[in-house]
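Quick look at what TrEMBL lists:
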{"type": "BINDING", "residues": "Cys63, Cys64, Cys141, Cys144", "note": "[4Fe-4S] cluster binding site"}
{"type": "DISULFID", "residues": "Cys221-Cys223", "note": "disulfide bond"}
Amino acid sequence: MSGNIGASLGAPIAAAAGGGVRTDRGACAASDLRGCLSSPSVEGGAAATDALRKNRRLLLHVCCGPCAVMPLRRLLDEGYAVTAWFMNPNIHPLTEYLRRREAAGECAAQLGVPIVYADATWDVTAWLRAVAGRDAPPERCAWCCASRLEAAFAAAAALGCAWVSSSLLYSRYQPHAAIKTAGERLGAAGGPGFVYRDFREDWQEGIDRSKEMGLYRQPYCGCIYSEAERYGKRLARLCQEK
């Protein structure tokens, strides 16, 4: 993905950057997020970047509760001070977004991790306009993941987090190579670094643990395109029966 996500999603991003963000368990004050979705760069050059990366504060972009279980556990075990960040304007409809938001919060609470909700970024109209022209996989999916990663790096810089990772790296259904490439590109920009892990190695354990935790497990990726792809065969069968 090229360019800043703010150029694609406009008003919703600006709203979140202006403080329209909810925080649970004292991760940070909403006012601290002012401007968090602008540029992921850090002032002060290489020395400032080196100083930043000596800390272990990591912002984990969380796409959903079940996918976050193993990334959170592994990163905590590695000694990172993790803050979860739920920013997913791609999840439709709004009722589904709210349900996954709740599951992400439950996951964070059970693992003792603070979570920040970038709710003001949710705008189905803005998201559909931004994805227009690249609304078929794999381009749509790669853009969707990279755009959320870009926003996560910007938020991490504003929050003073030295590192960024994403629960998207857990799913076997996401464009893993594209996510890794985007993260490495953003991590080389002079701000927060990118922590890459192939969380897919913990796939089955993540499924088992998410069920034990009672987390809502969604039936499709997130956007209305993926919902249609998930259930399209049902409609096709009904049409054939007529």
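Cβ from N, Cα, C; glycine included.
The secondary structure of Cys144 ([4Fe-4S] cluster binding site), as reduced to three states from DSSP, is helical. Those residues of the chain, other than Cys63, Cys64, Cys141, Cys144, with a C-beta within 8 angstroms of the mean position of the [4Fe-4S] cluster site C-beta atoms are Asn88, Asn90, Ile91, Cys145, Arg148, Leu168, Ser171, Gln174, Cys221, Gly222. Listed recorded positions: Cys64, Cys141, Cys221, Cys223. The one with the lowest count of other Cβ atoms within 10 Å of its Cβ is Cys221. The Cβ neighbour count for Cys144 ([4Fe-4S] cluster binding site), using a 10 Å radius and every protein chain shown, is 29. Cβ neighbours within 10 Å of Cys63 ([4Fe-4S] cluster binding site), excluding its own Cβ and spanning all shown chains: 28. Rounded to a whole value, the Cα-Cα separation of Cys144 ([4Fe-4S] cluster binding site) and Cys223 (disulfide bond) is 10 Å. With respect to their backbone Cα atoms, Cys64 ([4Fe-4S] cluster binding site) and Cys221 (disulfide bond) stand 10 Å from each other.
Looking at Cys63 ([4Fe-4S] cluster binding site) and Cys221 (disulfide bond), their Cα atoms lie 10 Å from each other. DSSP assigns Cys221 (disulfide bond) to coil in the three-state reduction, outside any helix or strand. Between the alpha carbons (Cα) of Cys221 (disulfide bond) and Cys141 ([4Fe-4S] cluster binding site) lies a span of roughly 10 Å. The two recorded residues, Cys141 ([4Fe-4S] cluster binding site) and Cys223 (disulfide bond), show a Cα separation of 10 Å.
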